[in-house]
Amino acid sequence: MTSLHKQIIESHNNDITKLKSSMSTRAAARRSVCLSSMSYTLGADDVTPITSNTTPSNNNNNNNTTTTITTTTTTPTISPLKQSTTGSIIPKSILVTKSGSKEEPIVSSSKSSSNSSSINNNFNNLYSASTFSSSTKKVHERPSINPGFRKPREALLSGNSDSGIIKKPSSSSTSSSSSSSSTTSNIKAPIQISHSSNSGSSSSGGNNNNSDDNSGSSTIKHTAASLSKMKLSPSHTISDSPRSSTMKSRSVSISNGSLFSPTNTSVNNSNNNTSSNIKTPTKSSISENLDQNTPPPPSSSSTTKTPTATTTTTTTTTSSSSSTSTNTTPSKSSVDDVFARLANVSKPAIKSRSLSVSASLARVEQSPPTKDKGDKESSSSSSSSSSSFSSKFTKILRSSSKTPTPTSSNTTVQPSTTSLSASKISSRKDTKSLSSFSTTTTTTTLKSSSSSSSSSSSSSKSNIASSSSSSSNNLTNLLTQSQSISSTSTSTTTTPTSTSPTLASSMSVLSSPTSTTTTSTSTTSTTTTPTKSSCTIITPSIALKLYINDLTSAEQSEILDYPQIYFTGNTNKKTKFNSQLPNNGYDNDIGEYKVVERDHIAYRFEIVSILGQGSFCQVVKGYDYKTGEMVALKILRNQKRFHNQALTEIKILEYLKTNDPNSTASIVHLNNYFYFRNHLILTFELLSMNLYDFLKVNHFQGYNLNLVRRFGAQILTSLRFLSKRNIIHADLKPENILLKSPTKSGIKLIDFGSSCFENEQIFTYIQSRFYRSPEVILGTKYDKSIDIWSLGCILVEIFTGVPLFPGSDEPEQLACIMEVLGAPPKSVIDNSTRKDIFFEDDGTPKPVKNSTTGELYTIGTKSFKDSIRSGDEDFDNFILDCLKWEPSQRITAEQGLKHDWIIKVIAPTAPSTPS
C-alpha cells in the first residue's frame, strides 16, 4: 500500500471522526428524547417537569470544576407540595451531582435573593422551559441515560436506576411547583442558562467562561424583568390519570370555545379518589373527551385559580367493552336498556383513523432546540441535516397550505392516508393497524415574557416541521406520546373509537382533502377527526412525482384519466394488472370486484372495510377524501344484467331524493355514482347496523312492542311516501332497514336494487323468501301491497326474534303460510301461473315435509295468536291486516298510520312527508 493510499485512508478516517463528533450532540439529544417519551408512555403515572431556575441560589464553589452528568428527563414529583412562607407552592427536590466518582446530594436554601451569584454548577447543562405545573402523585424514579447506550425497557418499567434522585433547589420566589425541563447528557456543546440582574449576570456552569468556550451552545438569557414576570408566568398543567396494566389510552379533544374563554378542567385520580378543579382563562381551550360527562369523585377536592396561557388536561379513559350482556331469559328488553347496551356495542362510526403529522415525523431526525432571538449566532445543533429535511418537507406542504394566519391553525389529517409527503419519510414496515384508535396531537408554543423563542431557519416555515413527535413502535403504536424538540410543548393523546378505519403510520398531508397547514406563531393544533373543510386537490402529474412508488405500472397510466387526485392507496397488496384474467385481473370469475382494504376507489375513496355482499353487488365502507365523510360504496358486479338493474335503481333513487330533499321519509339518499374499472359504483350516506344485526346483538330474543311500534310507524311512513309515487320497494327485510344511529330508534330503508315503478314491472322473482308475498310465490300480478306483506312479517320477527314463516324453499314457504293462515281462496289459486307446483288438480295443497323435523305440514293447525303471544290485540289485528291472501284486502300504508296500534306514536315518530 502506497503512502498516498495511507494518507487518503487516514484523511478519510479523520473526516469520519470529525463527522461523528459533530453529530454526537444531535444523536444524544434524539436518544434522550426517545427514551424520555418511551418512559413517559410505559410507566410514569404522573410526570411533572422540573421548575425553571427563576431565582439563583447561593453557592460558593463557583471555581470548582465538576463533571456534570444530566439527563433528558421529565422529573416526577416525589413528595407532596409544601406551602412556603410567602405563599408560593414549593416542592421538595434534590439535585445529585457527580464530582469524579462521588455523589453529593445538594439541598439549596429556600431563601431567595436578588444578589444571588449563581445556580449550582451542576445546572450547566440544564435548560428548562418557562412553564410550571403541580402534582401530588408519587411515581417511580427514572433511570439515568448515558449517550453511549440505551437501557432496556425492563429498567424503565421497573423504575430501577443507578443515578441519584434529582431534586431542585427550593425558592420562596417560585410561583409554581415545577416546570418542564429538558437536558442532554454529556453533550459537547452544553446549553447554558444565564440570569441577568442589575448587579450583573451569572452563568450556571463551573466556570463563568463556559459560554465563551462553548461557542456552539444555545444560551437562554433572562433579565431581572423577565425573572420577575416569570414568577407570575402562566402555568402549564399536565394532569395524568394513572395507567392501568392494560395500557389504557388517553383522550384529549380540542373544544371550539372562543379564545380566552374560562375553562373548567376536571382531573380525576383513580388512586386516591381526589379531584382538583382548576379554573383558568385559557388561550387554547382543551377539554376532556369522555364517553360521558361525569363529575369528579366527591371525596376530596381542591380548587386553584391561576392565570395561564394554555391549559392542557390529559385524562385516561377506558374504552367501553364491545361485548353485550347476555340475557339467559327470553324476557323482552326495554327500549332504554337496549340502546344503553348498544352504546357499548357500537360507537359513532366517523372517528378519525389516521396518525397525525407529528406522529409521522417521529421517525425522522428531530430538529434540535432553537436559539433565542437575542443570540445572533446559530447553534451547532441546528445543523444542515435538519434543514435539508425541513426544506423538502416544507416545499411539499406548500401545495396544500392555506393563507398563513398570525394566530392559530388547525391541521387535520384524515384516516390512514398514504398521504402525500410523510410516505417519503416513514417506512412501510412501520405501518401498524390501529383499528378503533384516533390520535390527536396538540402543539402549543409557549412564549417567554422577555423574548420569544424563534424556530431555526430550516423549520421556521412550518410549525409542523419544527416540532417532531416520537412514538413507541414497541407498543405497536397503541399509545403515542409526542416530545417537543424546540421551545414548544407537545401533547399527544390516543382516543378509542370502534368503527374507525385501521391506521397506518405512512401519512401524507396532501392526500387528505381537509388538511390545511399554516405558519402559526402561537398555537398549532393537529387533529385526526374528519371535518367538512375545504379539501386539497393535486393533479395527476404531481401525484406521479410524489407517489410513483405507491402506484402500480397500470395505475401510473390510469391516474391520468382522473383530473383530481385525492388518495392513491395505502397498501402494498394492490391488485396487479393482468390482461389474461377477467377485467384485467381486477375481477373474480363471477364478475365481482376484488376488494382490497386500504386501497383507493377512483383516487378519491379509501376502502376501509367490507360491509356486506349480495348476489348483485358488494358494499364497502369507505372514506371520501373530497368531502371528509365516511360513506357506503355499492360496487355492482361487472355483468350487463346487473348494470341495467343498477341504472333503474339510480333512476328511482334520484327521483326519491328530488322529492325528499330533507330526508323526512326515512329513505337512504344517493350521494353520487360513477364508473371505475368497468364497475358501476354508487355512494350513499353511511348508516349504522341493520335490524337483523340489531336482533343478533340481543341474541334473537326480540324486543318489546313499544320499540316494534316505533319501527312500524317509520316503515309505514316510508311506504306511504313510495306508494304516493307508485314505487314498489320489492325487497323489504330486516337487512334492508338500517338504524341511523346505534343508540337511537331512527331507521332508513335501503337497497332499491329490486325496486320498480308500479307500471314498469321488470322482475317476477323478487323479495327474500321469508318475506315473500303469496302472489309472488304463485306467479300472479303483484303491486305495492307486497311491501305491506313484508312489513307484517318483519314486525313479528322483531317482536319474537325469529321469522314468522321460515321456509327453506318456496313449497315449504307456502306451506308455512297455510299452516297459520289456512288455505288460500280459490280465486287466488285460479289466477296462479304456478299452481301445478303447489296444488293438486282439485285445488288441494300438495304435501310438504318440514325440512327440520321431517313431519308433514298441515293446513290451519297453528293459531296466529299462539304463534306470537303478544298479548296485545291491536298488534295482532294490525299484523293480520297486513297478511291477507288477497292483495286488495290488505291494509295500505295510509290506513296503517291511522291504525289503533300505530296511532300512539305517529306524532313523534312519523313526521309528515312531502306530498
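Positions of Cβ are set from backbone N, Cα and C atoms, glycine also.
The shown structure was predicted, so the numbers you read here are calculated from the model rather than taken from an experiment.
For the ATP site that Swiss-Prot gives as L611, G612, Q613, G614, S615, F616, C617, Q618, V619, the extra residue drawn from K626, K634 is K634. Every protein chain considered, the tally of other Cβ atoms within 10 Å of the Cβ of Q613 (ATP binding site) stands at 13.
Listed binding-site residues: L611, C617, V619; maximum Cβ neighbour count within 10 Å falls on C617. The average per-residue pLDDT of the prediction over the domain 'Protein kinase' (605-902) is 95, rounded to a whole number.
Local packing around the Cβ, expressed as the count of other Cβ atoms within 10 angstroms, is greatest for D731 among the recorded positions S615, D731.
Shown in sequence order, I635 are the same-chain residues outside L611, G612, Q613, G614, S615, F616, C617, Q618, V619, K634 whose Cβ sits within 8 Å of the Cβ centre of the ATP site. Rounded to a whole value, the Cα-Cα separation of D731 (active site, proton acceptor) and V619 (ATP binding site) is 17 Å.
In this structure, V619 (ATP binding site) is part of a beta strand by DSSP.
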